[in-house]
Amino acid sequence: MSADVPVTVAAVRAVARDVLALELRHANGQPLPGASAGAHIDLALPNGLVRQYSLVNATGQATMDCYQVAVGWDANSRGGSVWIHEKLKVGQALRVSAPRNLFEMAPEHRRVLLLAGGIGVTPIYAMAQACAQQGVDVELWASARSAPRLAYLEELKALLGQRLHLHADDEQGGPMNLTERLATQRWDAVYACGPAPMLDALTAATAHWAPGSVRMERFKGAEQPASERQPFELVLQRAGLSTTVDAHESVLDAMERVGVDFPWSCREGICGTCEAPVLEGEVQHLDYVLSPEERAEQRRMMVCVSRCGGGRLVLDI
């Protein structure tokens with residue numbers, strides 16, 4: 001992790017069906033580094049896993065008394081959410097990173113639509129609080145599979161009143177129709193976090209909007225079909241090493257295989273920890289960290305998911 005801060009679990013409570021909210025305080029009682037809305041922390045669990053969670057209470061403070069995160073139960077979890085839901089107790093000692101923000105709100109956006117799906121409400125709730133504090137004209141659409149799964153519902157109602165619009169899939173015959181609801185653009189920007197189908201629908205519905213007016217955070221990076229993955233040569237320039245990255249492995253896997261210890265956290269292309277400088281090669285970007293402009297520059301990549309489209313990739317490592 002980029003930093004190592006000792007924390008203690010001060011409180012655990014349910015904020016929706018299968019969603020637990022955690023309050024984390026510095027183990028020594030010190031203030032924690034502050035963050036702006038949209039920021040996340042890396043949370044290191046005793047089972048050896050490191051997971052990223054959005055800060056629900058980050059609104060731009062210089063320091064924070066505590067970090068608040070929410071964790072949804074995931075039956076397909078690789079061990080993070082299951083461990084938290086089944087084993088985490090008040091008083092548990094953990095370690096976290098300093099906050100990072102790859103989903104920051106632009107100050108020039110004064111009319112904002114916030115769109116949350118499921119556990120994606122966590123950064124969106126922080127943004128709603130920040131908008132209220134800064135006098136931004138904000139509207140929030142929150143959706144979930146069923147009403148009991150809408151997290152922070154009472155807090156959002158108190159904060160937004162009639163500017164909060166709720167959608168339960170089981171009561172309304174399926175997911176929200178974004179194409180219909182976004183037919184008229186009344187906002188400077190949309191900020192969205194939720195499951196891939198919702199964000200894919202948002203992308204299609206706003207394809208004609210101005211660049212930079214739709215910003216989203218995904219739960220995991222894109223997956224390249226196995227039929228499109230080809231082996232390629234990897235050169236680590238400063239280390240003086242080269243190897244072949246097989247079709248079934250990532251650049252990060254190959255680096256570790258040849259003995260290079262490179263920082264990583266999510267291994268899903270969403271946290272930005274494993275960003276590496278590119279000297280040569282056609283990068284196939286599969287992350288959700290870099291902007292379209294940064295991707296076009298071909299100067300850096302997330303080695304946990306992105307690959308090389310040509311025969312040779314040279315990294316400044």
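Using the three backbone atoms N, Cα and C, a Cβ is placed for every residue, glycine included.
For reference, Swiss-Prot has these:
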- 4-106: domain 'FAD-binding FR-type' (DOMAIN)
- 110-220: NAD(+) binding site (BINDING)
- 232-317: domain '2Fe-2S ferredoxin-type' (DOMAIN)
- Cys266, Cys271, Cys274: [2Fe-2S] cluster binding site (BINDING)
- Cβ neighbours within the same chain of Gly194 (NAD(+) binding site) - under 8 Å, at least six residues apart: Leu115, Ala116, Gly117, Gly118, Gly120, Ser143
- Query: What are the non-local neighbours of Arg110 (NAD(+) binding site), defined as same-chain residues 6+ apart in sequence with CB under 8 A from its CB?
  - Reply: Val136, Asp137, Asp188
- In angstrom units, rounded to an integer, how far apart are the Cα atoms of Leu166 (NAD(+) binding site) and Cys271 ([2Fe-2S] cluster binding site)? 29
- What are the helix, strand and coil residue counts for the domain '2Fe-2S ferredoxin-type' (232-317) according to DSSP? 13 helix, 27 strand, 46 coil
- If you measure from the Cα of Cys266 ([2Fe-2S] cluster binding site), which of the binding-site residues Ile124, Val138, Tyr152, Glu180, His208 is the nearest? Ile124
- Task: Determine the minimum-neighbour residue: among Leu166, Cys271, listed as binding-site residues, which Cβ has the fewest other Cβ atoms within 10 angstroms?
- Result: Leu166
- Measuring CB to CB from Ile124 (NAD(+) binding site), give everything in the same chain under 8 Å that is also at least six residues away in sequence. Leu114, Leu115, Ala116, Leu140, Ala142, Tyr191, Ala192, Cys193
- Query: Given Cys274 ([2Fe-2S] cluster binding site) and Tyr152 (NAD(+) binding site), what distance in Å do their CA atoms have, once rounded to a whole number?
  - Reply: 32
- Cα-to-Cα gap, Glu180 (NAD(+) binding site) vs Cys271 ([2Fe-2S] cluster binding site), nearest whole Å: 32
- Task: Note down the number of other Cβ atoms within 10 Å of the Cβ of Cys274 ([2Fe-2S] cluster binding site), including every protein chain shown.
- Result: 24
